[in-house]
Amino acid sequence: MELSERRGRGPDGRGRLGSWLVAVSAVALGPTACSPEPSPPVDTACVSLSPGTAPIRRMTRFEYDRTVHDLLGDETQPARSFAPEEEVLGFNNQAAALGVTQSLAEQYMKAAEKLAAQAAQHLTRLMPGCDPTRPEADACVERWIRDFGRRAFRRPLDADEVKRFATLFDWGRDDYGGVIGVELIIQAMLQSPHFLYRVELGMPDPVAQGVVQLSHYEIASRLSYLLWSSMPDDALLDDAEAGRLGTPEEIRVAAERMLHDPRAREAVLEFHRQWLELKHVDLMTKDQKTYPAYDSALRPLWMAETEAFVEHVVFDEPGGSLTTLLTAPFSFMNAELAAFYGVSGPTGTAFERVELDPAHRAGVLTHASVLATQSKPNQSSPIHRGKFVRERLLCDLIPPPPANLPITVPEVQLGVTTRERFAQHREDTVCSGCHALMDPIGYTFEHYDGIGQWRDLDQGLPVDATGNISRTEANGSFDGAIELSTHLARSAQVRACVVSQWFRYGYGRAEKEEDQCSLDQLGDTFRRSGHSIQALLVGLTQTDAFRYRRQGGEP
């Protein structure tokens, strides 16, 4: 379902999010390669129960490592060696792309064997009060199978499953001893689809045809992987067992508890790493002749700054709003990073809060992690920076250039500014349609060079950082990134885009027509909270799309 075709229910015939949703697909006023002809919004009332289809979800590498940490106490992060996930919509957790190849299955097997062997070395921690090497251990091993299985599968094991795992233990014990029997159980559980996937069978809703209501245990898993990127804890599983995750209010109480757990911080950071495309920080290279201040040791400092800033804004700053994320005139840095930025204050290696010159730095878009990532090795890139804003904050996807079009980056020229060199893209009729959507946004960042340092001059000439956004509902002209960030923070289109980005990441899929009511509800929650990120996270647990799924259909 195209964004432009979503249903609405506002007084103008659109949903609360409908105005920008139409704009996202109607990028231009006339048809070009980058501006498809918009479809008119469909005016129809929301139904009372309207979830989208939710495909089965496999753990990502990030979720796998966090899950085996919480399940076994493992610190080795074995999934770092797994095959990387395919990105869809800018995220690596989209269910439709999370298949299992033969190679990945073998990696799961090897990891399970290694994790089981390591866990079996600490039986008193793994199986307190139970010694599997004793002849009379059958009863306590069966109790452990039930307890460990509930945690690994995130639901109670049925009698047949308990019997199969007990039989597996017997095989291992009879041939090699009780410790090997335990290892075999762990190996088998860690390779089971019930561990690797979030299986959601649910029960058909008694009223809404074709709709499945998730079980309490399935809701527990949705909560834990949304808010912790890991398995439910015992308290959440106990809530599920007691039937305390059936109503929106019960789910809200659980979600608010979970957001106070330290695990929520790392999960929220992972969303921002992907949303802000920070994975590229570790991969970037820079020309040290062009940027003598650059050193590869800066890259982890750039990441640490952005992560500390995001964590503080979301969890520690009163309100924890999107506005603060985009416009706050403070950040976190140590002495080395402060010297890079030309900021005074920190004197040691520890990161601390630093107040910034609000004319030069404000919000996450002026962090070196973002600016350097969206640049070339030897120059800034208005194209990459503009495309980043367009796609990640305005939810306006730019199509790739034609396959037969040669792509060349303007060479650095003495006495010619970056803006002047990149202007040629807009003079070429083949290129101008798309570049008109990106370059004018990117120009507003020209006070920051290719490693994110402030500059007043480019090639000895004054920087021109004026730019604009066009062909959206966030149109405007700006002089510099601070004005741009302030405008973006106030934009209904940006706020709605952030809702959609969290929807995609949190639910592991793209929006569908059936999700419009859930999107409207999320947008309303976000607005009424003053655009609090935590309120949006809780809101994600309150929708039809979270508590139900539609049977059949395309993922």
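Residue positions begin at 1 at the first shown residue.
Heads up, the Cβ atoms here are built off N, Cα and C, so glycines get one too.
Annotation comment: TrEMBL describes 57-120 as domain 'DUF1587'. Annotated domain 'DUF1595' per TrEMBL: 140-200, in sequence order. As annotated by TrEMBL, domain 'DUF1592' applies to 214-343. Feature annotation from TrEMBL assigns domain 'DUF1588' to 361-456. What TrEMBL lists as domain 'DUF1585' is 477-546.
In this chain, the domain 'DUF1585' (477-546) lies close to the domain 'DUF1587' (57-120): three or more C-beta pairs between them fall below 8 angstroms, excluding pairs fewer than 6 positions apart.
Over the domain 'DUF1588' (361-456), the average per-residue pLDDT in this prediction is 91. Under DSSP, the residues of the domain 'DUF1588' (361-456) split into helix, strand and coil as follows: 47 helix, 6 strand, 43 coil.
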